[in-house]
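Asks: Before I ask anything, let me first share the structure, which is written out below as structure tokens.
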Amino acid sequence: MGSTITISILVLVLLLGLVQLAVSGHDYKQALSKSILFFEAQRSGHLPPNQRVSWRSHSGLYDGKSSGVDLVGGYYDAGDNVKFGLPMAFTVTTMCWSIIEYGGQLESNGELGHALDAVKWGTDYFIKAHPEPNVLYGEVGDGKSDHYCWQRPEEMTTDRKAYKIDRNNPGSDLAGETAAAMAAASIVFRRSNPAYSAELICHARQLFEFADKYRGKYDSSITVAQKYYRSVSGYNDELLWAAAWLYQATNDKYYVDYLGKNGDSMGGTGWSITEFSWDVKYAGVQTLVAKVLMQGKAGEHTAVFERYQEKAEQYMCSLLGKGTKNIKKTPGGLIFRQSWNNMQFVTSASFLSAVYSDYLSSSKRDLRCSQGNISPSKLLDFSKSQVDYILGDNPRATSYMVGYGVNYPRQVHHRGSSIVSFNVDKKFVTCRGGYATWYSRKGSDPNVLTGAIVGGPDAYDNFADQRDNYEQTEPATYNNAPLLGVLARLISGPRGSDQLLPGGSPTPSPVVIKPAPLPKKKPTTPPAASSPSPITISQKMTNSWKDEGKVYYRYSTRLTNRSTKTLTNLKISFTKLYGPIWGVTKTGNSYGFPSWIQSLPAGKSMEFVYIHSAPQANVLVSNYSLE
């Protein structure tokens, strides 16, 4: 009898172990795919042919028209139909950071292309929103009129006024964050689309100069944003954040000097913050600067950068409960900052701790906390615990990612998902009628907002799946953006680090762009009537703007190797060029390949851009070799 009881207990223990294994063994690859898909549901503008979220359609097609500017595109921030520039830019910056650190894992899991598409949807919009060096459009629509209505984005009748910052109405936080996003994106596209990367760097430099020279809080200029995205932390953190990303993107000493000279006065070395968010960037700045320090690139600023790192590590220690000021957690173990959309702080903290864990591992050192040194693996364990909680390892056994698992939110606070698809029923939904018919429904959403991370539970792990419970059931793009990197990292397991410390920032493997097709038959005439050269050059104007009475033009130039051999020793010369050029390297009086390529294979193209206040320049190939 005793042996039977013993065996029964043993079996029970084994079964409980198997149950626990089943609960904690999450499919991070599936979660990653879904989390990226969410961004397609948030798209504004003309949706592309490869749009996978089929219940969405074109929207906001006249955005900016009343202001004489094209602002079609970009992202809706959450469950409403407003395009808020500050959180949108932070979303793009953190998406880029995820790709920069874990591009290899994203590619090996088939998601790098989707992630790049998600970034470019944002940066294409930012290029439009920055028509002049000292002008940036930071919002389309306003929260008051938008929140009064419950309509699909495809048929919204609310005001779509565009709001901007300029010299007389500055917004250093908005311009700084947008500069950071474009600088980070330039790293992401450096190999796969060098001309686009160069264009982004141009915008990032201009925006940083604008932000630094004309200082002020953006919500003092765009006052309609105050109730929704007030910049509580001010703009110093965004200026440091932008400088950190511009240094990562350009290796320009000006930006590392900026970080060194302003770290103390702007709070980079003084603020010990227990959050990282669309508003407060200090922890992110401190983590990036610590990376520069661990790479051995701090130089004369080493002492200042060590103070940045000290604050970064205080943040990490607080997450682990090993610091002097620890962040609060729910009984179930989720970090808790506030009742409204707490999940934004969870995903951003999970990302920073995963990244810093890998930085420490690569530099072969421990995390230094007030309670003693801690292994880098503990930081990664923390990231995993938070992600596992989001995916269902919590007291309610609820997945807070829509569409993942079995028990997930069905009544999401989101206009598009809660109303029948415009593609299914085009019957007009009125402003207030949407509240009466769709908002008040108790049933599940007709469209599943796959991959969305909702606001999450309260301080005691309680959650109510109700559409009017916006604090807990509304999703946001900035909830998902940092999660891309964390999920990609967790797929690889404990030893799946993709870091390159000390050394340069990792760059994701290039997305292969198919070359222009070669003629099936050898041409009997040269490709250009005036020259037998196998190299063709085409130019087009991609943008223009007016500054202080002068009209400037941006030209994109494509050089294509039409031969059947590899092009090397390229030399290009210009005449009638009166402005800066990006995407080629100057040597003496001529230009050659950019630093990231040494040759051009048969059938492939390269692009470069230049800006000046004149018609297109003359571009001539003065020398080349075919091997």
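For all residues, glycine too, the Cβ spot is worked out from N, Cα and C.
Keep in mind that this is a model prediction, so the values were computed, not measured.
From TrEMBL, here are the annotated features:
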type     : residues : note
SIGNAL   : 1-24     : signal peptide
ACT_SITE : HIS413   : active site
ACT_SITE : ASP465   : active site
ACT_SITE : GLU474   : active site
REGION   : 497-537  : region 'Disordered'
COMPBIAS : 527-537  : compositional bias 'Low complexity'
Asks: C-alpha of ASP465 (active site) to C-alpha of HIS413 (active site): distance in Å?
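Replies: Cα to Cα, ASP465 (active site) and HIS413 (active site) are separated by 9 Å.
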Asks: Do you know which of the active-site residues ASP465, GLU474 has the most other C-beta atoms within 10 angstroms of its C-beta?
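Replies: Of the active-site residues ASP465, GLU474, the highest Cβ count within 10 Å belongs to GLU474.
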Asks: Is it possible to get the count of other C-beta atoms within 10 angstroms of the C-beta of HIS413 (active site)?
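Replies: The answer is 24 other Cβ atoms.
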Asks: How big is the Cα-to-Cα gap, in Å, between GLU474 (active site) and HIS413 (active site)?
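Replies: A Cα-Cα distance of 5 Å.
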